[in-house]
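Report on one structure; see the data block that follows.
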Amino acid sequence: MANQKPPKEDFSLKETSPNISGRRVSTGPMTAFDLVEHMQYLFVRVVKARGLPAIADPYVELKLGNYRAITRHMVKNPNPEWNQVFAFSKDRIQVVSVEILVKDKAVVAEGSDHRTIGKFGFALAEAPTRVPPDSPLAPQWYMLEDKNKARIGGELMLSFWIGTQADEAFPEAWHADVAAVSGEGVSSTRSKVYLSPRLWYMRVNVIQAQDLVLKDKNKKTAEFFVKAQFGNLILRSGVSPNKTVNPTWNEDLMFVVAEPFDDPLVVSVEEKLNNNKEESVGRIVVPLGDVAKRNDAAAAAPKWYDLGMVEVVAGVQKEVKFASKVQMRVSLDGGYHVLDEPAHSTSDLRPTAKILWKPPIGVLELGILNATGFSPMKPKNQVDAYCVAKYGMKWVRTRTVVDSLSPKWNEQYTWEVYDPCTVITIGVFDNGNLQDKAAMDLSIGKVKIRLSTLETDRIYTHSYPLVALQPSGVKKMGEIQLAVRFSCPNMLNLLQLYSQPLLPKMHYVLPLSIYQLASLRHQAALILWLRLSRAEPPLRKEVVDCMLDATAHLWSFRRGKANFDRIIKLFDGLVALFKWFDQIRKWTNPLASAIVYITFVFVLCQPGLTIAAVFLCLSFRGALDYRKRPRQIAHIDTELSHAYDVHPEDLDEEFDSFPSKKTGDVLKRRYDRLRGIAGRIQAVLGDIATQGERVQSLLSWRDPRATALFVIFCLIVGIVFCVVPAWWLALFAGTYVMRPPYWRINIPTFPQNFLRRMPAKSDSIL
């Protein structure tokens, strides 16, 4: 019993029935938030005050039972303005009245409590209910009272109401559940919407240079190359094949740039010296505002640029021009879609240029309801969870629910959909920078939903398992409950997209290589992180990398086995068909073999009806399978991912950084194992190449006798097909294949023997 494996966790998708207005008949006011459960909040907006003592440093304090919230204080200001909103969850309010105090912070230095200037209170039952799209409530002036309820000269302007998370004041409000967070950490708890910058591919086509000046005058030949720099990224061309002072390259250097174009393009021509050093012979600075934008495959006009050098004259840097020139085509290619996600799970397929965009075909609505079953991720046994959802250029971030293992967000977001064959990604993270800015936001789990698998105008409510692969193995981190709806007003426009190319036309007219796309995707992910990290609150690098699957291209033995199994399963049907036919031709079941042979003869007699019958059978089979169609959204399959049977050493390799931080025997062991795997792959690739080369050698005369036999065979077969009807030959071939085992010899056939004797290029490999 001690050796038994622990039971596997339940990673299945569960359908839920949340109390959302989109699935029930509502009797109250309707809002746009119909995919989430409505949560009521008491909102208090503190606007300003007047008539306070001139020597006071006033601030406002709100008291609701054990809850306490304060505004920022104003120094020596009798008429301060705060304009701050506070939100208190109505489910947690245990009192019937709210007390609002205006206090003076100036007496702190004297060592006593803050002096109360005046106060105001109201009963919770007096708060009106507001439901958008109603206009915001107008704030009013309220007289302040002292502790004896006598009026004083000061007044406080504020408004208070009962609302839901649909209220426009909700995202910017100070929430009572973040009372333990102080300072700058409060801003990182609020919900925000981010927009990715518009990304462009910048193509720098370096053509040639003229009249370059050699650094070593005694050299008769020189090796020149071009170095292009944009921001912190540097790309290099190859060395010019003609080693003269007029080199040519005709090579493309591709960058990803984002609007607004702050940095210029710096291009320099470098010379390789004998001591393996490189020295610049001139450079140019090209502002991106001067670069032409193109939307089609027409090449940009070539342009000559004067090369210059920066010299120090009398302690001042000065740009010196001389006769050397370089010819380039520089363009911003707006006809491409800048890939920032893996191609198989991209969330946007539009080209960069807005003039090429087509109207949206639908709307995607996402309701992020709640999560359950979280495990503590901090030393104090707490989780400060928030969600990030990305679709297209729009990122959304929910508010952080502080110190809760079962957080409730109930926030709803909307995106325009331009193509249904796209994927929305929802990630759950633990906010690590509430107290420590250096801490990372750890990933709790991630969910991906492909829009093309959703029925239009149907609300999907499921609880998704948050699956994480850790160095100790696969683990269920909890579950998140989502509501998803994909609406499409015009079904004809939606169906029309299935006949159009997936990517913009430029990807097919002027395709980029696999290596270029990999490099450009890495650049795009880096630019997105740099831009989103400048927002407030910022999206951290680990969050952006997780949402963009930035490490998906790295080697993983586990994913390699999973992809191999996927390939094997694709051929399961063909293998089963081959085994069935082998039993038929061996007459294992004489009745079934006889029926197959009679069907074969009928097909030869009526070939037209056969093709129609095949398509009708496929149509009938598809119609029958409609009732068995999948009702749930596809989710992570731990069995297919080999998440359970993965070896600890494979996990250690998968979680290692790139480049690796391991040394010594660990790297040696990994390298030897990789060599063993690569050796088997090499043998399989060699066998495939050998079979293809044998077919090619049938007419190559590498083996003159075999090629002569094949030529004579083709001549005879051609004459036979001209004389004998084709269906007779097919009938003869089918009868020969279906002959009973009594007339069969289990040795390879003549074509197999002949092909195996043909030469291949494997003899020429060293």
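Just so it is clear, glycine is given a Cβ too, placed from its N, Cα and C backbone atoms.
Under the heading compositional bias 'Basic and acidic residues', TrEMBL lists 1-13.
For 1-25, the entry in TrEMBL reads region 'Disordered'.
If you look up TrEMBL, you'll see 19-142 (among others) marked as domain 'C2'.
As annotated by TrEMBL, domain 'C2' applies to 180-305 (among others).
Per TrEMBL, domain 'C2' is recorded for 345-464 (among others).
The feature transmembrane segment is assigned by TrEMBL to 594-620 (among others). Long-range contacts of the transmembrane segment (594-620) within its own chain (CB-CB distance under 8 A, at least 6 residues past either end) are made by residues 584, 727, 730-731, 734-735, 738.
Sequence-distant neighbours of the transmembrane segment (708-730) (same chain, 6+ residues past either end, Cβ-Cβ under 8 Å): 604-605, 607, 698-699, 754. Per TrEMBL, transmembrane segment is recorded for 708-730 (among others).
Broken down by DSSP into helix, strand and coil, the domain 'C2' (345-464) contains 7 helix, 57 strand, 56 coil.
Under DSSP, residues within the domain 'C2' (19-142) fall into helix, strand and coil as 14 helix, 51 strand, 59 coil.
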